[in-house]
Amino acid sequence: MNKKLGHKDHFHFIGIGGIGMSAIAMALIKKGYSVSGSDLIQNKETKSLKTLGAIIFDSQIKKNIDFVISKFQDHTLNCVISSAIKDENEELCFCKKNNLSIKHRSEILAMIMNSYTSLSIAGSHGKTSTSTFLSTLLELCTHDSSSITGGIIPIYDSNAHIENTKYLVTEIDESDGTIKNYNSDIGIINNIDFDHCDHYSNIDEVLSSFKKFASNCQKLLINYDCKFTKNNFTSKNQWSIKESNNIAYSLIPNIINKDKTVGKYYEHGKFIDIINIPVPGLHNLSNITAAIAACRMVGVSFKEIKKNTESLKLPKKRFEFRGEINQRIIYDDYAHHPNEIKATIDLARLFIKDKNSSDREEKGRLIAIFQPHRFTRVKQFIHEFVKELSKADVIYVTNIFGAGEKNIDNIDSQLIANLIYKNNKNVTCLKDNYEINEKFFKLTKKNDFIINMGAGDCHNLWSILKNKNTLNN
């Protein structure tokens, strides 16, 4: 692992059920470390950790730390936190009072990365998808790859896969500025956008954070199609889905539909071959091109890559088909930034277009259900949210998921709905998933294509619906 850690170290995660925290915890267990953690919400990840031997508490009180200290008396206790953990957290306060070691999750992930040839995916959008595509290709092409990501990778059915391998694919979080803590052999920057207004004041601060990450990478792979990466970073390793001249890796689409994208693949301007991508959407094509480029940078043959692209799948909650209720098609997506909503609605339109062109029944509508995430993000991007959401045929906006933020400016979802109404009269504010469930058949009709978007707890809707309806999936 790292000289700073030994197997006499014990790790206690406050908020262990989070998708990123649980992945790091799983990695430590696989590496032989003892792990415990607490979370107020028990989920699939906490159950998996229990199965692997972790001690999981469903409360966050100082007695938990006392128990861990007594059970692992001959170990050095490391309390692991994310930026989401508040200063007043009882476990964290107890650790501080007793001068126990407190480490940010980024420090632990960085230490794990030191044992591998690391390929790290950073960027404002598409990190989890790109991490999934790269993990899948490296696994199938080399059988010598591990992964720690912020999403469930289909090939592993997990957010962490740790073995004694050469390569490690990691997803790097920029939201809190800890991106500077990582040293990577190959750093991949998908794109850069202004987001995370709770931490950054403007795009320049975001760029500064990414530049610190880039300076710590041995090699850098950047998206030529993003103006912020193109204009602010220098690297001979670039990818594009728009241009091939003087670009190291390009995949130019010529067939785009709801089932696949077919494109011409180039390296350094030279045509190599046609590639069939079984994942729709131009944003996904860009993410896959990044994964292909990274594989080529570590020496994977193009022949192996092409053969295994047919196995590529999106991670969970990324345009994920959930099922069908009485001829209403339902998808989930993690989109919570205006640009992500744009990409998701554009992709959904491909499905609507295909279905309506072949269906003699009443044409379906594109219904967008959106749970805004963070008051600061809504305040910063409200007009951009309105612009993109208005493009759906029908829009339902639920209460804002605060993610621990205080609503200082008294912002609510009705404000978003009122502005959307000026562009699209088919907009309604709803309280939550339970109200959607109660009114589901009044809110929808046969042949509707429903896309449920957000980064909060909105994806619990389908488990609520299944308790009342027959969900065919």
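Every residue, even glycine, has its Cβ placed from backbone N, Cα and C.
Copied from Swiss-Prot, the annotated features are:
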BINDING   Gly123, Ser124, His125, Gly126, Lys127, Thr128, Ser129  ATP binding site
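Fewest other C-beta atoms within 10 angstroms, among the binding-site residues His125, Lys127, are seen around His125. Long-range Cβ neighbours of Ser129 (ATP binding site) (same chain, at least 6 residues apart, Cβ-Cβ under 8 Å): Gly151, Asn284, Asn287, Leu314, Pro315, Arg318.
The Cβ of Ser124 (ATP binding site) lies under 8 Å from the Cβ of Glu174, Asn190, Asn191, Ile192, Asp193, Asp195, Val206, His337, Asn339, each of which sits 6+ residues away along the same chain. Within 8 Å of the centroid defined by the CB atoms of Gly123, Ser124, His125, Gly126, Lys127, Thr128, Ser129, the record's ATP site, lie the Cβ atoms of Ile121, Thr130, Asn190, Asn191, Asn287, excluding the listed residues themselves.
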